[in-house]
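Annotated active site, proton acceptor per Swiss-Prot: 193, in sequence order. As annotated by Swiss-Prot, NAD(+) binding site applies to 29-57, 99, 138. Positions annotated as substrate binding site by Swiss-Prot, on the basis of similarity to another entry: 106, 138, 169, 248.
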């Protein structure tokens, strides 16, 4: 007896079972779900997979998103604790890990999260060997290095969200002072996503006008306008938000969706993201930190050779040393 579906639909050819732009988010905590909703709202993927170890929450988050399918352009949302659900992902976003506590440095998190990654990363690569991995968990620069080592993937397919958000905060805060929109205020935060980040004051501009040329003391202790405080606000902002609401999630979620849009649409936009910088700016160790990088469908394809002043290069090297001093003590990075 024919079913209602048989009566309604005449099949012409079997549908495709392999997704074109599948994205996986590992970890359905506050950050993971902010990433998920930001990705969905931008309509970046045709399939979204969620993975976590907490099954009830995972199923609940999946159902909640599925119930909004009418309002989305992503027709398939799936979830499971088994990583087979992630198969054929173009990009895997890793947000899982121990949450940063109030007053805790990102670098203090490292060894606790390494052990989590030793389970996650081999599973991701097993099911999506051609994927690009975007690491979001903190401390992001060190965990991007850990992911690179555990995954065996080439360095252009292991990217850390890095200073994409720091630079967004920097541009927002400067734009607030100048009374313009953040997109019209250009500036870069490089180095560690954290306390030793580097504000590139020499490159800050509005409409191509160098602000440091107009105020040579900009970013220094001698600056009468105290622009250096803007960078301090960037560094302190995550700690402040955590103190006020317990965690950060919305801005990093939007930042991740911004990166994914560039990758999945092959836009070749330049972002400050974490990459392997050995051999650049006099850095001799295998560390990951943020430089201006071109992203596209192949991953991180090139690095912009930004002209930095001597003091900025010194700060970048200090950032690399800060990361290496923690990284060199990480135990057993075999998957």
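Just so you know, glycine gets a Cβ as well, placed from its N, Cα and C.
Feature map: Swiss-Prot annotations on the structure.
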residue	record	Cβ contacts under 8 Å, 6 or more apart
33	NAD(+) binding site	61, 249, 253
41	NAD(+) binding site	72, 257
45	NAD(+) binding site	19, 21, 22, 23, 39, 74, 90, 264
49	NAD(+) binding site	22, 23, 24, 25, 78, 79, 80, 85, 86, 89
53	NAD(+) binding site	81
57	NAD(+) binding site	28
169	substrate binding site	189, 233, 234, 237, 251
Cβ-Cβ distance under 8 Å to residue 37 (NAD(+) binding site), same chain, at least six residues away:
65, 253
Enumerate same-chain residues with a sequence separation of six or more from residue 248 (substrate binding site) and a Cβ-Cβ distance below 8 A; give 'none' if the list is empty.
31, 238, 241, 242
Taking the Cβ of residue 29 (NAD(+) binding site) as the centre, count every other Cβ atom within 10 Å, in any protein chain shown.
18
Residue 29 (NAD(+) binding site) versus the residue listed as 'active site, proton acceptor' - Cα distance in angstrom:
20
Give the helix, strand or coil assignment DSSP yields for residue 41 (NAD(+) binding site).
helix
Just how many other Cβ atoms lie inside 10 Å of the Cβ on residue 138 (substrate binding site)?
29
If you measure residue 29 (NAD(+) binding site) to residue 138 (substrate binding site) at Cα, how many Å is it?
13
